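Enquirer: Features from Swiss-Prot:
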{"type": "BINDING", "residues": "CYS12, CYS96, CYS197", "note": "[4Fe-4S] cluster binding site"}
{"type": "BINDING", "residues": "HIS41, HIS74, HIS124, THR167, SER225, SER226, ASN227, SER269", "note": "(2E)-4-hydroxy-3-methylbut-2-enyl diphosphate binding site"}
{"type": "BINDING", "residues": "HIS41, HIS74, HIS124, SER225, SER226, ASN227, SER269", "note": "dimethylallyl diphosphate binding site"}
{"type": "BINDING", "residues": "HIS41, HIS74, HIS124, SER225, SER226, ASN227, SER269", "note": "isopentenyl diphosphate binding site"}
{"type": "ACT_SITE", "residues": "GLU126", "note": "active site, proton donor"}
Amino acid sequence: MDILLANPRGFCAGVDRAISIVESALEKFGAPIYVRHEVVHNRYVVNKLKEAGAVFVEELDEVPDDSIVIFSAHGVAKTVREMAKSRALKVFDATCPLVTKVHMEVHRASRKGSEAVLIGHAGHPEVIGTMGQYENREGGMYLVETPDDVARLKVKNPDDLCFVTQTTLSVDETSDVIDALRKQFPKIQGPRKDDICYATQNRQDAVREMAGLVDVMLVVGSRNSSNSNRLRELAEKVGSKAYLIDDASMIETVWLEGVKAIGVTAGASAPDVLVQNVIARLRELGGNMVVEHPGREENVVFEVPPELRII
């Protein structure tokens, strides 16, 4: 059984930055450091940071006065920032810069009074944060997930409307919804550049290229990771059996029966150590040659805040 590794896979620049912010804050200020929501959606990463002294909370009222709090990579609503400011909490913002770009687009629409549509999954932290950038009561902010949602959408002024997308969705998902929006609202304006992030796009492209070469695709990532779920769905859509696993212990031998080639990739919030453990386990189960599939090289780096840079 050959093992094919997707390239690129695993950590993106936004995740790397978010984790570095928490680690640097712990190193500089000591524990506890409070983090609003899981800094990234990966159980292994979160548990490691907990062991180092990070305390994960869902709301700021769980954070004691005079504490340091970090906002997760998914971003937060304006009301959360305002609450942190009113309590004089020391804040470090680990919001991915690509999510911040979407926030700025929504803020501009709100300021102008244009209505805005967000393509995203209800309840996802990034979606909650992005929806929370719109404050204009005279306008409107709407969430859609499918073309059917678009068909039911009623807006106040279809001539002054824009859309943005959740960064971790699949390109296939958003294209259908965008087509529906443009058909129903011919004057709708989109972002100057696609909101789907480079890492999401690259990892999806790698899976799309590999899926036809393997019998089974393993996606390393947590179940609450949006981009990891999209990778599994994409592999299945292209025609490969696919499984989302937190780690090597979740591999079931029945998946490998009759398999000549197996693919391995990882969501943008999954560390490489988990991938290496999966490879080791596959070798124990009969895997031999490990081949890294050619893909797009990534050299994007997002800097941590100056105050947290360790010299």
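Glycine too: its Cβ is placed from the backbone N, Cα and C atoms.
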Enquirer: Let me make sure I understand the structure: which of the binding-site residues listed (HIS41, HIS124) has the fewest other Cβ atoms within 10 A of its Cβ?
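Expert: Fewest other Cβ atoms within 10 Å, among the binding-site residues HIS41, HIS124, is found for HIS124.
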Enquirer: Max Cα distance spanning HIS41, HIS74, HIS124, SER225, SER226, ASN227, SER269 (dimethylallyl diphosphate binders), Å?
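Expert: Per the listed residues, the maximum Cα distance equals 15 Å.
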Enquirer: On a count of neighbouring CB atoms within 10 A, which of the binding-site residues THR167, SER225, SER226, ASN227, SER269 is highest?
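Expert: For the binding-site residues THR167, SER225, SER226, ASN227, SER269, the Cβ with the most other Cβ atoms within 10 Å is SER269.
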Enquirer: Of the recorded positions listed here (CYS12, CYS96, GLU126, CYS197), which is spatially closest to SER226 ((2E)-4-hydroxy-3-methylbut-2-enyl diphosphate binding site) when Cα positions are compared?
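Expert: Considering only the listed recorded positions, the nearest one is GLU126.
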Enquirer: Just the number: how many Å between the Cα atoms of THR167 ((2E)-4-hydroxy-3-methylbut-2-enyl diphosphate binding site) and CYS96 ([4Fe-4S] cluster binding site)?
Expert: 10
Enquirer: Quick check for you: of the recorded positions CYS12, GLU126, CYS197, which have their Cα within 10 Å of the Cα of HIS74 ((2E)-4-hydroxy-3-methylbut-2-enyl diphosphate binding site)?
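Expert: GLU126, listed in sequence order.
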Enquirer: Work through the recorded positions one by one (CYS96, GLU126, CYS197) and name whichever has its CA nearest to the CA of SER225 ((2E)-4-hydroxy-3-methylbut-2-enyl diphosphate binding site).
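Expert: Out of the listed candidates, the nearest Cα belongs to GLU126.
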Enquirer: What kind of secondary structure is SER226 ((2E)-4-hydroxy-3-methylbut-2-enyl diphosphate binding site) part of, going by DSSP in three states?
Expert: helix
Enquirer: To the nearest whole angstrom, state the Cα distance for the pair CYS197 ([4Fe-4S] cluster binding site) and ASN227 ((2E)-4-hydroxy-3-methylbut-2-enyl diphosphate binding site).
Expert: 10
Enquirer: What recorded positions among CYS12, CYS96, GLU126 are found with a C-alpha within 10 angstroms of that of SER269 ((2E)-4-hydroxy-3-methylbut-2-enyl diphosphate binding site)?
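Expert: Those near SER269 ((2E)-4-hydroxy-3-methylbut-2-enyl diphosphate binding site) - Cα within 10 Å - are CYS12, in sequence order.
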Enquirer: For CYS96 ([4Fe-4S] cluster binding site), list the number of other Cβ atoms lying within 10 Å of its Cβ atom.
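Expert: For CYS96 ([4Fe-4S] cluster binding site), the 10 Å Cβ neighbour count is 26.
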Enquirer: Count the Cβ atoms, other than its own, that fall within 10 Å of the Cβ of CYS197 ([4Fe-4S] cluster binding site), considering every protein chain shown.
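Expert: The answer is 26 other Cβ atoms.
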